[in-house]
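This report concerns only the one structure given below.
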Amino acid sequence: MNIHEYQAKEVLHKFNVSVPKGFVATSAEEVKTQVSQLKSDVFVVKAQIHAGGRGKAGGVKLAKSAEEAQQFVKDMIGMTLVTHQTGPSGQQVRKVYVEEGSSIKKEYYLSLVIDPKLSRPIFIFSSEGGMDIEEVAKNSPAKIVKFDIDSATSFDSSKLSSSFHLSPEQIEKITNVAKNIYDAFIATDASQIEINPLVETSSGDFIALDAKINFDDNALYRHPEIMELRDYDEEVKEEIEASKYGLSYIKMDGSIGCMVNGAGLAMATMDIIKYYGAEPANFLDVGGGASKETVTEAFKIILSDSNVKGILVNIFGGIMRCDIIASGIVAAAKEMSIKVPLVVRLSGTNFEEGKKILEESGLNIIAADELGDAAQKIVKEVK
């Protein structure tokens with residue numbers, strides 16, 4: 001689960017990470033009534049969306065007066081912000097964060113993420129803050145260091161001294177920030193905390209000028225206070241609907257809807273669709289315990305996307321029985337009067353019974369025995 005920048009800063013502030021003082025606004029009038037609480041000659045006005053690249057897209061402005069800040073907020077509210085992370089359709093700005101300006105001496109990058117190879121958190125630090133860290137890694141890899149940590153290992157600050165020639169005082173302050181975000185990471189079951197930039201001010205303080213936090217969806221049941229931060233306006237409505245039925249759904253830009261059981265098989269299915277010259281419209285994993293009702297809801301979610309011109313169902317029956325899936329497919333197809341081409345490939349537990357159910361349904365369902373054959377058939381139907 002993602003949250004907004006202003007929410008991430010509120011979380012970090014609770015764990016003693018310094019952040020600029022600010023407030024969130026949904027209208028220019030709110031700025032007029034709240035801006036007096038900020039003790040600054042300049043104000044930073046930031047559009048709040050769940051995507052990076054806001055600055056380049058015009059979503060971050062420096063205001064030199066309260067009146068200018070008010071005007072920036074007025075301009076931003078309701079605008080559609082298109083960044084490299086939003087896709088071409090962009091995201092509508094519904095909230096704006098106004099904060100005190102900071103006197104910046106130097107910008108750094110600091111994040112805490114899960115390393116999939118090590119299966120534990122690692123710190124990433126760079127002297128090139130305020131930039132896309134992927135670009136830094138590509139163009140200046142020597143300016144990035146990683147700190148492998150576990151519960152028995154402290155933050156190895158010696159790497160900061162040897163790699164970036166920081167003073168003992170700077171290292172101590174950065175180490176304190178790192179320890180505080182580690183505490184926040186563990187306490188909230190986060191999957192990522194990113195401070196970019198971590199700013200050293202002219203007075204020598206270190207503050208989080210921007211912050212991003214992602215949380216582990218599987219641990220949200222333990223954190224009702226974090227669930228309250230969820231902004232459904234920032235999420236894809238189909239993904240929200242899918243979560244209600246225990247389905248894992250990610251919307252994509254293609255024309256072939258996919259219904260698969262298992263994340264690995266789902267990715268392989270999308271790959272082979274691309275291999276045969278088409279694009280998947282979604283990732284949809286129905287899991288190992290799907291019922292007829294779940295399958296019906298999965299079809300509804302897939303077909304709610306107007307770009308879908310055909311559907312490929314690829315099921316390998318292990319825990320899940322193919323006859324149950326087949327019954328669900330038939331029931332859903334009849335209930336919804338599915339008009340787009342439908343290719344179904346069943347393999348595994350009770351697959352013969354499943355194929356018989358499909359054949360005797362009287363519906364125009366195209367059967368396939370192999371994944372490659374199924375992909376070619378649906379691509380041919382769509383094209």
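Each residue, glycine too, has its Cβ placed from N, Cα and C.
Annotation source Swiss-Prot lists ATP binding site at LYS46, GLY53, ARG54, GLY55, GLU99, SER102, GLU107, citing sequence analysis. In the three-state DSSP reading, GLU107 (ATP binding site) counts as strand.
Secondary structure from DSSP puts ASP210 (Mg(2+) binding site) in coil. Marked as Mg(2+) binding site by Swiss-Prot: ASN196, ASP210.
Residues or ranges marked as substrate binding site in Swiss-Prot: ASN261, GLY318, ILE319, MET320. A 10 Å cutoff on Cβ-Cβ distances gives ILE319 (substrate binding site) a total of 12 other Cβ atoms nearby, all chains included.
Among the features that Swiss-Prot reports, domain 'ATP-grasp' is placed at 9-241. Per-residue pLDDT, averaged along the domain 'ATP-grasp' (9-241), amounts to 90 for this model.
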Cα proximity to GLY55 (ATP binding site), best match among binding-site residues ASN196, GLY318, ILE319, MET320 | ASN196
Quick one: Cα separation, MET320 (substrate binding site) versus GLY53 (ATP binding site), in Å?
-> 42
Residues satisfying Cβ distance under 8 Å from ARG54 (ATP binding site), sequence separation of at least 6 = LYS46, ALA47, VAL60, LEU81, THR83
Look at each of the binding-site residues, SER102, ASN196, ASN261, and point out the one with the fewest other Cβ atoms around it within 10 Å.
-> SER102
For GLU107 (ATP binding site) and ASN196 (Mg(2+) binding site), what Cα-Cα distance in Å is obtained after rounding to a whole number?
-> 8
Inter-residue Cα distance where the pair is SER102 (ATP binding site) and ASN261 (substrate binding site), in Å = 50
What are the other residues, in sequence order, whose C-beta lies within 8 angstroms of the center of the C-beta atoms of ASN261, GLY318, ILE319, MET320 at the substrate site?
-> GLY262, GLY287, GLY288, GLY289, ILE315, PHE316, GLY317, ARG321, GLY348, THR349
